[in-house]
Every structure is written in structure tokens, then in C-alpha cells.
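As written in Swiss-Prot, here are the features:
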- 27-53: compositional bias 'Low complexity' (COMPBIAS)
- CYS214-CYS241: disulfide bond (DISULFID)
- CYS218-CYS246: disulfide bond (DISULFID)
- CYS229-CYS233: disulfide bond (DISULFID)
- 203-247: domain 'TSP type-1' (DOMAIN)
- 274-437: domain 'AMOP' (DOMAIN)
- ASN33: N-linked glycosylation site (CARBOHYD)
- ASN270: N-linked glycosylation site (CARBOHYD)
- 27-55: region 'Disordered' (REGION)
- 1-26: signal peptide (SIGNAL)
Amino acid sequence: MLRLAAELLLLLGLLLLTLHITVLRGSPDSSSNSSHSLIQNEPSSDSFSFNPSDRQEYLDEATRRAFPKHRLMTSGHTSLQRDGTGSFLLDLPNFPDLSKVDINGQNPNIQVTIEVVDGPDSEPENEMQKENMPSWPVPSPDWRSWWQRSATLPRMNYGDQDYKYDSTTEDSNFLNPLGGRNRQVPSHRTFDTKEQPEYDYVDGEGDWSSWSVCSVTCGSGNQKRTRTCGYACTATESRTCDMPNCPGIEDTFRTAATEVSLLAGNEDFNATKLFGVDTDSCERWMNCKSEFLKKYMHKVANDLPSCPCSYPTEVAYSTAEIYDRIKRKDFRWKDASGPKEKLEIYKPTARYCIRSMLSLESTTLAAQHCCFDDSMQLITRGKGAGTPNLISVEFSAELHYKVDILPWIMCKGDWSRYNEVRPPNNGQKCTENPSEDDYLKQFQEAREF
């Protein structure tokens, strides 16, 4: 039985070999293809012959050369090697064994290329570049700049660049301590010069925008400008702006100044008569209670805002509006913690002070003066408490000195007597500060001095 099967296979092989030779002889390209023929090595191309051993070598050579490796097509299947347009060869000895093929597995010999073309006029070079480009998006320059800024942002120095306190004097506040406190203070910059201030920002940030329009059309207001400082970050800088005096305010101030001149009892304001050097000038000042002074003090009490219970940090940067819940309107305030107001002399226990600003609605030239301790709490009594100024330094520094500062000097720094005439404001009923024990101690020291 096995012998019969072997003979059948042998006959089948001979049949296929005969068919193979017949196809080779009948191919029109066999004579022109040197890789599939051995005729090129013969001296003559008209005829050829070979013995049985040569015949076997010829068949082996033809089998090896007539079937190159299968080419891979983009359509996903393998094509058979063709010798011509009308014939094909079936390479049974090299035909792969399909009995153990996994139909569900992926074919590693299949390559698929997906190409996206924008238009019919796209050039081949562009198509090749698209095939070789990575699939992830390329970061934009803005994103790269933000990354560089974010990486270096913790190293930025904000001490000399943000929120410049606008002042033409060497004033200071809680962001800019006094020089006597052994702290290194950055130099102030004024906005009166045309030269732009220098900043220590890292490269890559946007330019400063132009200054905004002044917040008021007359009087004193503020301006702002911004710049980008990274992702979802905007730096803001502000400064004060002084516009022309509002219409009618000159008449208001002139009338008030005339009334202030009556504080001495005559129309010619004479501070020498009011604060004459005698045995007890403080007592004389305390007993000066004219009818006009009473009316003026009543106007001051009704016109001025109440002191806030804690230091409003927004005034440290520039003039700020703060809502007064008792008067039910906004008042403008300015920091008054610097040497210009002589804080360390007249209010020795105060750390910060603020002063209200004049407005067109003001019926007097007075200003509210409030002082705070190291914890930013309002000082309601004692030698560090702020007292109302009958003449605001904003209107006249000279008159302010004569009306508000000289009485303190005449009383030789006895705040207990001074505060009897100019009581500190606590209209918002803030917690009494300092404590009762500290207050009594300060009071006793003032009497003994």
C-alpha cells in the first residue's frame, strides 16, 4: 500500500516537472531574461543539449532562480511571481504549510500605510514628509515660553518690582518698613519721570500695557497697567494721578480756610497768639472753645469717616476707596505711616497709620487719622491712637502744622490732655486697644512726664 502511494507521488512529481519545463519553453520572455536561462553561458544560442546529470542541475538552477521572494503589496495580500503577462509559476516545493496557520492571528508580512492629503495639488515631497512626521502635536512657541517662565518663576524677585508705593517723600508702610528698623528697604520710584522703571522679570513675558485712564476726571485718582506673567497670571501695577481741581472746589476750600482763620478769634490767622509761649500754653489751647470752633468740630465729626478696625492693606499700594457702613458711602484713604507724618514721634506705639482724603463733598478741610499696632488692629486709646486733623496736610502742610501739630508740642507730648480736645475715633465700636492695664500705665507715665 505504501509502495503504491509512493509511486503515485512520483508520477505526480514527474507530471508537474514536465508541465514546468513546458511552461518554461513556451514563455516569450524566457529567451530575454538572463537570470532565468543558462543560454548566456553557451557559445551558440541556436540549439542546446545536455545529459541527464546536466538536466538535473538545470532543473535545480531553474527552480532557485525562477522564484524570487514574494513582494508585499499595500493592499494586504501576496502576489504570485509572474514571468509574463499570460503565465504564472506555482512553486510547490517552497509553498508554505497552511495546515498550522492561525487564521485569527495578525500577518507580520502585511504593511498598511495611511496617508492624508490636503488637496489634489499636493506634491510628492510633501506627502513623504507627512508620512514621516510624528503623530503628536508640536508645542507652540507660547507654550514653550510659558514652560520656561513656570520653571523659573519661583526664583523671581518680587521685592523691587510689584506694587510701588507712589510718594515723592521717603514715606514707608508695612510693605516698606522704616529705615530705623534695621531692614533693607528697596528704593522708591516716582512716576513723574518719563523714564520707565526697570523690572527683574524673566525673559518671555509680555510688555506692559499702556496706563489706563485716570479713575477720576478731577482731583486725585489712580491708574493701572497690566502685563502677562505666565499661564493664567496677570501682574498689575498702579500709580496715583493728579487731575485739575474739580470745578467749585477752590471756593469750598477758600471758604473753609476762612473759617479756620477764625479759630484764633480774628480773621487774620495768627498762630503766635493762639500758641503763645507762656507758663501753660497747653491749658490756654484747651480752653479755646469759641462758638465757631464748636460748630467746626461738629462738622468734622459729621463729615469724616470712621476708622476701620484693622489696617486696610490696599492703601499700602496707592489711594484706595473703602466703604464706610456708618456713612453708607465710599471714602478715599491713603497710607500715612512714613516720616512725612512723623509717626515715630507723635504716635510712638503705632506701627501703621492711614489718613482720609479730601473730596468735593467735604464740608471742611479736616482729615481722619487712624493708627494701628503691630498686629494691624486699630489703636482706640492711649499715646498711639490717631486723632482727627482739623486741617489736612493734603490742603496745606503749613496750616496742618500750626493747627494740629503745634498744640501737641505746646502740651509737651502729653497725649492725655491733647486727646481730651481731639478724642480718637472709634465710630465702628472696635475692641478697645490697648488693654485697660496698658492704658492706665501709659496714662500715669504721661502725667508724671
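One-based numbering along the chain as shown.
Backbone N, Cα and C atoms are what each Cβ position is placed from, and that goes for glycine too.
Features per Swiss-Prot, on structure.
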residue	record	DSSP class
CYS214	disulfide bond	coil
CYS229	disulfide bond	coil
CYS241	disulfide bond	strand
Since the record lists CYS229, CYS233 as disulfide-bonded residues, which of them has the fewest other Cβ atoms within 10 Å of its Cβ?
CYS233
For CYS218 (disulfide bond), the one of CYS229, CYS233, CYS241 that lies nearest, given that the disulfide-bonded residues are compared by Cα:
CYS241
Starting from each candidate's C-beta and looking 10 angstroms out, tell me which of the disulfide-bonded residues CYS214, CYS218, CYS241 has the most other C-beta atoms.
CYS241
To what whole number does the mean pLDDT across the domain 'TSP type-1' (203-247) round?
80
Residue pair CYS241 (disulfide bond), CYS233 (disulfide bond) - Cα distance, angstrom, rounded:
26
Rounded Cα-Cα span from CYS214 (disulfide bond) to CYS229 (disulfide bond), Å:
24
Between CYS233 (disulfide bond) and CYS214 (disulfide bond), the C-alpha gap once rounded to whole angstrom:
24
